[in-house]
């Protein structure tokens, strides 16, 4: 029994101390929706304001993690990779122990080149149908994003358990995931077992905004160690969701 307890404690200690979720900085598409009529979604760039937001996010992350190591997962879209470039300026090369481009972290697929008028029609239709399960023509639904995010999370846990990310243990390791608004909400849904209805009530992270999850005393990740009730309410969390975060902490 003693050996089993020791093994369990060792396994717990391998989990990263924090998982930090970051939405990309402001993109040209955020500034002007008409960009999507001519530029493929994955090629949309950051604006100068977006680069500044990403740089500020890097400074915030650095202030949180101190001298601990960071490992980056990033969506393959140009705007997320440009966000990574700005964030990584806050860290030295020996503090970044890895960077992995992960296709499953990409933005929800709305369509190919987007017709602005048609997209407005589709979004109104989505409101009537239900945001989570509505699939855009030739695109995805939030439920589709959930399926691929679930696959990513399983791969992430497996990499951690097999020490693919950090050979010397993960006590002070920080995983930083740079992705998109909906994808970040779906990651949180997957981690905390939120329902489709709960996710539909959430407000998308702003450009360059950060969500910090840290291991609590019971070995569970919680948002409550870095974010307060007022922030949770602004994000759209229900009283029960907020209570759950506090219990996890």
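For all residues, glycine too, the Cβ spot is worked out from N, Cα and C.
Of all Cβ atoms in the protein chains displayed, 32 besides its own lie within 10 Å of the Cβ of residue 24 (active site, tele-phosphohistidine intermediate). Taken from TrEMBL, the feature substrate binding site covers 23, 24, 25, 26, 27, 28, 29, 30, 79, 107, 108, 109, 110, 118.
The active site, tele-phosphohistidine intermediate annotation in TrEMBL covers 24.
Look at TrEMBL and you will find 107 tagged as active site, proton donor/acceptor. Counting only same-chain residues six or more apart in sequence, the Cβ atoms lying under 8 angstroms from the Cβ of residue 107 (active site, proton donor/acceptor) belong to 41, 42, 75, 77, 180, 182, 183.
Fewest Cβ neighbours within 10 Å among the binding-site residues 25, 29: this applies to 29.
With all protein chains in the displayed structure included, the most crowded Cβ environment within 10 Å among the binding-site residues 27, 79, 108, 110 is that of 79. Rounded to a whole number, the distance between the Cα atoms of residue 24 (active site, tele-phosphohistidine intermediate) and residue 108 (substrate binding site) is 14 Å.
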